[in-house]
Amino acid sequence: MTFLFPNYQRKPIELVSGKGCMVTDQSGKQYLDLTSGIGVSSLGHQHPLLTKALKQQVDKIWHTSNLYTNSLQEAVAEKLANHKDYVAFFCNSGTEANEAALKLAKKATGRNKILSFHQSFHGRTYGAMSLTGQSSIQQGFGEMLGEVAYFPFNDIEEIADNLNQEVAAVIVELIQGESGIHVAYKGWIKELYKLCKKQGILFIVDEVQTGIGRTGSLFAYEQYDIEPDIITSAKALANGLPLGAMLGKQSLAQTFSPGSHGSTFGGNPLALSVACQVLDLVQTPEIQENIQQRSLQFFNGLQQISSKKIIDIRGKGLMIGIELTDSLVLTQVMNQLEKHGVLTLRAGKNVLRLLPPLTISQAEVAKALEIIEEVLAG
Ligand SMILES: Cc1ncc(COP(=O)(O)O)c(C=O)c1O
């Protein structure tokens with residue numbers, strides 16, 4: 001008997017505590033966490049500075065509503081802008097950040113069409129689900145937003161003919177996370193961005209999974225020589241407290257005039273007090289260096305594994321995908337890894353996805369590689 005909807009396929013383990021990159025289940029078994037709670041606890045579990053920030057805020061005030069000035073929102077927005085001319089709207093999740101982006105793009109341009117990509121993932125609410133280029137996500141839920149069209153990822157030909165003045169925005173993940181760690185080519189993104197600019201089409205980058213240091217820079221777009229009109233963020237932003245953000249260019253600010261959009265909980269002080277620390281920490285030279293070094297260690301180590309089960313290895317920073325022969329093999333590999341005390345994620349049908357905390361140590365990566373090799377060789 002359960003009192004829950006069965007919409008998640010849950011494992012029978014319950015994680016009851018965590019410290020750094022290690023988590024412990026109800027039986028006391030320890031695991032190396034290569035999931036970060038699907039790219040959320042990116043600075044590890046119980047980071048002392050984050051715990052301190054949260055505790056301090058707990059003793060001050062939990063909720064103020066958005067009827068009042070909020071200096072924590074100002075501080076986090078400034079850090080997210082990262083010396084560029086972005087303003088922020090705060091919400092509670094990735095899907096809400098994408099809903100906000102959709103509304104902003106339509107209102108700012110007065111246009112209706114949105115272009116997205118096959119195999120993309122943008123969330124589960126109606127707008128974000130409509131942006132998602134996967135029929136399996138949409139199946140059974142009736143009509144999607146009719147104005148969204150999907151195009152092949154990493155291919156300029158087909159979309160180029162459709163970039164006209166009826167289009168409000170293009171939305172893209174720079175690494176498609178949920179569907180299998182597909183990295184966008186730099187040349188493709190630069191060309192797409194240029195063509196959008198020509199037609200007054202807003203360029204939205206969904207950084208819900210790629211952002212907050214995951215790929216080596218605060219946001220992945222910084223590695224693509226572009227400045228998106230709109231950026232969406234969530235997941236790791238408050239390391240486990242619910243927080244989402246939509247950033248838009250200053251020139252779009254007046255589109256969201258008073259009363260045009262809002263959220264009761266969005267940008268609450270508890271999540272923001274943590275986000276403030278998260279954004280300082282991910283930009284420190286120590287964490288930046290760790291992401292670079294551990295990424296190299298992972299990719300070098302994985303490339304040296306000789307296994308017939310591996311088809312491809314791809315990703316950036318600490319967003320890593322290992323494509324395996326098929327989905328059954330992936331299930332077996334994940335179960336074996338779990339048995340050996342390593343938690344991993346699935347992406348698409350057959351990709352083993354690793355999103356370890358950005359604070360993972362050299363010894364922990366070495367241990368992870370040793371176990372992954374043993375399992376893949378077997
Ligand atoms: C790229 C991307 N966008 C949006 C979302 C949705 O975020 P949330 O689950 O916080 O609504 C996800 C979640 O996996 C994601 O990976």
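Placement of Cβ uses the backbone N, Cα and C atoms for every residue, glycine included.
Summarising the annotation, TrEMBL assigns pyridoxal 5'-phosphate binding site to G94, T95, F121, D206, E207, V208, Q209, T264. According to TrEMBL, the N(2)-acetyl-L-ornithine binding site annotation covers R124, S263. Taken from TrEMBL, the feature N6-(pyridoxal phosphate)lysine applies to K235.
Feature annotations (TrEMBL) mapped to structure.
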residue: G94; record: pyridoxal 5'-phosphate binding site; Cβ contacts under 8 Å, 6 or more apart: H122, G123, A128, D206, V208, Q209, T232, S233, A234, K235, G244
residue: T95; record: pyridoxal 5'-phosphate binding site; Cβ contacts under 8 Å, 6 or more apart: H122, G123, R124, T125, A128, G244
residue: F121; record: pyridoxal 5'-phosphate binding site; Cβ contacts under 8 Å, 6 or more apart: T132, Q134, I137, E173, Q176, G177, E178, S179
residue: S263; record: N(2)-acetyl-L-ornithine binding site; Cβ contacts under 8 Å, 6 or more apart: N66, F90, C91, N92, E96
residue: T264; record: pyridoxal 5'-phosphate binding site; Cβ contacts under 8 Å, 6 or more apart: S65, N66
In sequence order, those binding-site residues of T95, D206, E207, T264 whose CB lies under 6 Å from ligand 1: T95, D206
Residue among the recorded positions R124, K235 whose Cβ has the most other Cβ atoms within 10 Å: K235
DSSP three-state assignment for D206 (pyridoxal 5'-phosphate binding site): strand
Chain-internal residues near E207 (pyridoxal 5'-phosphate binding site), provided their CB is under 8 angstroms and they sit 6+ positions away: E173, L174, F219, A220, Y221, I231, T232, S233
D206 (pyridoxal 5'-phosphate binding site) CB neighbourhood, other CB atoms within 10 A: 30
